[in-house]
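These come from TrEMBL:
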type     : residues : note
DOMAIN   : 15-282   : domain 'CN hydrolase'
ACT_SITE : 55       : active site, proton acceptor
ACT_SITE : 155      : active site, proton donor
ACT_SITE : 188      : active site, nucleophile
């Protein structure tokens, strides 16, 4: 099927904490929706059957609970009634944004997914009801090619979004399409948690995901395109990921991903939006993981010249590292219960420092979640203290096998190359109690090769 995602540079309110009226809010949102409309037309012309827009793309961000209120539409969250906002605009008040999105889908005969803020009044008898008597949700909506509202999803894992409420129960949201079957839907930070993202995929055996996001890139392990690709690979799904474009805030990175190929956009240099349209196969069955090459064991030679271990901060976590010196070698490094092993060979020696790092613990900055990670990274400079820094360019071509005795089945294989481009492993999977990833000759210089494990039970 042909899919489209649009990385949108939103027109933002100059003062998001100021209180404005509904008319002013609609005026600002209308300018963003005008751009959406042009992109829907362009995508439909290229044969796209579905288009996905980013999180916060219509209203922007940095609101307070009260300042966002005029920007909120009313949406029925129950899946009970059928409603076509374009054909039945009179059914509810405060649905101007929903109506325009519905009409775009209808006019261009395309499935459309977008993100907006929504409101729902609640009774004080409801124990979850906020003091002001209303819920405010960060919401994705999906319309079919007739403009019918076919799904809503309220973001569950909020990322410091004080304007919004967490829904009382996680939404498990999916909708059906004639061209690719069922699509699941979640938003941004949700991708790092079991509920509802992983549970949704497992429960409904989903193979297609739509994913609006407003993701701030964090190298070396959580760049948007790097993690989106790893998620598609780990769960054997297609992901249509639309990110917002604000390079000054570190926000870029969208794509259409299959487990073995990706069409991505990552641009920190220039401004403006970007439409990606690609034809991808519908995934129907689980492919067997490649296990032809199994990792060798690390030899127990009593080597007197073992490289030194050192500690450095990476992504706010205290990693234990060993330097990756010389043209080739075998290394291991351990922390807590996790041991990571690396066999490597460089095509040629370059004057770049690489290190193999391990972390097995609770990550506590910008969210709390348990991580088990084995990571081969390029350091920022020549001293050990630069390992774990954000690096975007590299020249070293390295053949490697990386493996670890991970305690969780949820492993995201990361493979990032120079210029924030993606590469694909030759082989990966479980062998005995080790998860491994191997690659002969990356397409360009290696930035990061990592096994990023999420141990959800220990969150």
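Glycine residues also receive a Cβ, built from the backbone N, Cα and C atoms like all the rest.
Counting only the Cα atoms, the space from residue 55 (active site, proton acceptor) to the residue listed as 'active site, proton donor' is about 10 angstrom. Distance from the CA of the residue listed as 'active site, nucleophile' to the CA of residue 155 (active site, proton donor) is 8 Å. Mean model confidence of the domain 'CN hydrolase' (15-282) amounts to 97 (pLDDT, 0 to 100 scale).
For residue 188 (active site, nucleophile), the same-chain residues that are 6 or more apart in sequence and have a Cβ closer than 8 Å to its Cβ are 55, 155, 157, 159, 211, 212, 213, 214, 215.
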